[in-house]
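J.: Encoded as structure tokens, here's the structure I'll be asking about.
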Amino acid sequence: MVSRMGWGGRRRRLGRWGDLGPGSVPLLPMPLPPPPPPSCRGPGGGRISIFSLSPAPHTRSSPSSFSPPTAGPPCSVLQGTGASQSCHSALPIPATPPTQAQPAMTPASASPSWGSHSTPPLAPATPTPSQQCPQDSPGLRVGPLIPEQDYERLEDCDPEGSQDSPIHGEEQQPLLHVPEGLRGSWHHIQNLDSFFTKIYSYHQRNGFACILLEDVFQLGQFIFIVTFTTFLLRCVDYNVLFANQPSNHTRPGPFHSKVTLSDAILPSAQCAERIRSSPLLVLLLVLAAGFWLVQLLRSVCNLFSYWDIQVFYREALHIPPEELSSVPWAEVQSRLLALQRSGGLCVQPRPLTELDIHHRILRYTNYQVALANKGLLPARCPLPWGGSAAFLSRGLALNVDLLLFRGPFSLFRGGWELPHAYKRSDQRGALAARWGRTVLLLAALNLALSPLVLAWQVLHVFYSHVELLRREPGALGARGWSRLARLQLRHFNELPHELRARLARAYRPAAAFLRTAAPPAPLRTLLARQLVFFAGALFAALLVLTVYDEDVLAVEHVLTAMTALGVTATVARSFIPEEQCQGRAPQLLLQTALAHMHYLPEEPGPGGRDRAYRQMAQLLQYRAVSLLEELLSPLLTPLFLLFWFRPRALEIIDFFHHFTVDVAGVGDICSFALMDVKRHGHPQWLSAGQTEASLSQRAEDGKTELSLMRFSLAHPLWRPPGHSSKFLGHLWGRVQQDAAAWGATSARGPSTPGVLSNCTSPLPEAFLANLFVHPLLPPRDLSPTAPCPAAATASLLASISRIAQDPSSVSPGGTGGQKLAQLPELASAEMSLHVIYLHQLHQQQQQQEPWGEAAASILSRPCSSPSQPPSPDEEKPSWSSDGSSPASSPRQQWGTQKARNLFPGGFQVTTDTQKEPDRASCTD
């Protein structure tokens, strides 16, 4: 039944993106009459994979470790790198456990068990002592990628000895087992990334019916734009429409001078003749028809896949289409995990976790977030008056996606594995040159297609926004989150709906901050008031005349003048400060926005407010600016490809070389997506003493720490790895310590009881809204002896954490469903307080740096000891193999002072003056 999404019974076919890789998922086929059993090749002819059977690290399974094949249920045998064929044999369970790890098989009719079930793993292997990492969680296994590279990959970690990693250079074939009742519909899934992505997209797009209608309407909208534009160009007699010449009235009746629409429309034969007389128009129509057919085929294929996803939701997850809108994504994810734990869905030999699902859905998105964190995205253009302007239009983002991930000549080529050539440091120059030629080719293609794309952009904007502009002229003056904001403010492993919800909560305080913190411009305000007065007076006069006699509208350009005057008055009114925002403190508004944005575009110092305003204005920009960027995108995209991305080809290749890790069962992912504080933590974000990251390996702006904290709060059942778990424990211990210090000191004001007592509503959002009335951010004139304002936040954080851990205290008297529905709101409120608390500690440490490194280290850990020599990671070159000394990082070139020591033309070599300030050892 199902042969879509790369699924297809016993047919030998390649996956959607090519050969089967670590994401391929063979399903147990339907029982068939057993043909003559083919010879199942041993170690020399391909790895035998049964129920995701994988050999021990750096070893191969020998035929002697298996029992002789006997007649029984069919089993799936995978050979080579992905070609699959059926081998009808069975491996019985040994009667006596051997001394070595032996694979245990169950009959095909029974669902295999994993994790905590009684059935042992099929191919357990204990790693060598050099590969064991007792501090890491057994749920996260990361394999070595390139042993000779500068950036240390996360090694194979298998502390319990119950799992094994695939052989280096050999793909792992995880198995998807479906219960007996579903085997008629689910045969073979070859692309788990597409499978999980479509499961998420099906939920977010509200089911199959909405997806079908959305695709139909999009195809119909394309046809309408093309046909209606052609009709306006070739089928309308504008001389008759504008009454420049009399029309030929053929209808019977009295002659009248008014022109009707039918008089201006040409006959169909004449219209077709005028269309055929323009070869350019015919060529454009043919191209449009070809593009529409491609979109139609793509939509049909996707609809077949989504129909299968609907069957999976209904039969496997027990979520019918009519209940989909009332089921949150967290519930869908929990049912997926429960299905895998029960044996109904085995996509890998170890238990599936929330992080595995996010890694597959957000494989490429995490790379983009890391590129933005390292200053390679978005593209920036220097301004003549100083500073720079970021540019990331939809067209440029599509080109970047084609260059890096999904294009035919991209790095990933739409798959889950980075080619091995990019993992070798000796080919970086050749790969960078080849990628630079690809960028040049794509830029030339963009330049050739720019007239067509520009015409399409103009038509789409015209049809979409002109009516809105006439009805609501101030709509273009409204602000919205830019594409830059959605990239820079995004956490690692954050799904799109989570980002949208967070930015929606931050919109109102951020917009109010921009209105309040705008630099004073009395002359501009005075001119705007006068312009509003004169434009409004003229508009009022024309409006009164129109009401008195509607024939005034027949006067030439009267309606045009009224529209222009209304737009002018609305635009001028936007430059007048609102009176209700005059008395509000910008610091409180910025703090409220920070609680939901999680990243603060701010620099300490006397000019911090102006810089914060400019950077916030780039994140929350006017709609008119966004439309202008999209209109200019066809012309600017080739220039940015040539002058921004092509000169940075070597840096981008090095980025993927150093920040790609191979996770067993998942494939190649960005190392930042693991949220490993030890590898990518920053000492100024409470990870001092716990991170070994050099300057080039650190994630800027506390992205690793904040992403880890958000993910752990959003998924309470997820077990983080050892170093990340240690950081979370250290953070909570610091919160408890500061909360106890605040409660024990009676000299401080009772802000915590006041906030809690003033909040009359038990709902978390009401508590959080009441909390932001009190200033929590540290003052600008902080001194080393000033009282720590983070202690007040820690006290509040400890209080709300106790509420979150005790669901009975949420909405007392409410039903169980209401209490469960409020738990995500409590997690959001707790995350907001954690963000404020970490930013307070970070600002204190930044402002105390002039008084010495010792004072800065005290804020991040309770004790310190004499400094020790820098680690080898700091002495070796960061990312660079040529030993060159670059000038500065891309983030530093464009005015952002937080990021330092990166890579514009080679990569930064850590010198003595650039070593970490906090390298002292500390025992808790």
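In case you wondered, yes, glycine gets a Cβ from its N, Cα and C as well.
For reference, Swiss-Prot lists these features for the protein:
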- 17-27: compositional bias 'Low complexity' (COMPBIAS)
- 28-40: compositional bias 'Pro residues' (COMPBIAS)
- 98-113: compositional bias 'Low complexity' (COMPBIAS)
- 878-890: compositional bias 'Low complexity' (COMPBIAS)
- 913-924: compositional bias 'Basic and acidic residues' (COMPBIAS)
- 439-459: intramembrane segment (INTRAMEM)
- 625-645: intramembrane segment (INTRAMEM)
- 1-144: region 'Disordered' (REGION)
- 847-924: region 'Disordered' (REGION)
- 151-154: motif 'Tyrosine-based sorting signal' (MOTIF)
- 1-207: topological domain 'Cytoplasmic' (TOPO_DOM)
- 229-276: topological domain 'Lumenal' (TOPO_DOM)
- 298-438: topological domain 'Cytoplasmic' (TOPO_DOM)
- 460-526: topological domain 'Cytoplasmic' (TOPO_DOM)
- 548-551: topological domain 'Lumenal' (TOPO_DOM)
- 573-624: topological domain 'Cytoplasmic' (TOPO_DOM)
- 646-924: topological domain 'Cytoplasmic' (TOPO_DOM)
- 208-228: transmembrane segment (TRANSMEM)
- 277-297: transmembrane segment (TRANSMEM)
- 527-547: transmembrane segment (TRANSMEM)
- 552-572: transmembrane segment (TRANSMEM)
J.: Under the DSSP assignment, what numbers of helix, strand and coil residues are found in the topological domain 'Lumenal' (548-551)?
T.: 3 helix, 0 strand, 1 coil
J.: Please list, for the topological domain 'Cytoplasmic' (460-526), how many residues fall into helix, strand and coil according to DSSP.
T.: 49 helix, 3 strand, 15 coil
J.: Could you give the residue numbers and ranges of same-chain residues that sit at least 6 residues beyond the transmembrane segment (277-297) on either side and whose C-beta is under 8 angstroms from one of its C-beta atoms?
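T.: For the transmembrane segment (277-297), the far contacts come to 218-219, 222-223, 226, 230, 233-234, 452.
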J.: In the predicted model, what is the mean pLDDT computed over the motif 'Tyrosine-based sorting signal' (151-154)?
T.: 38
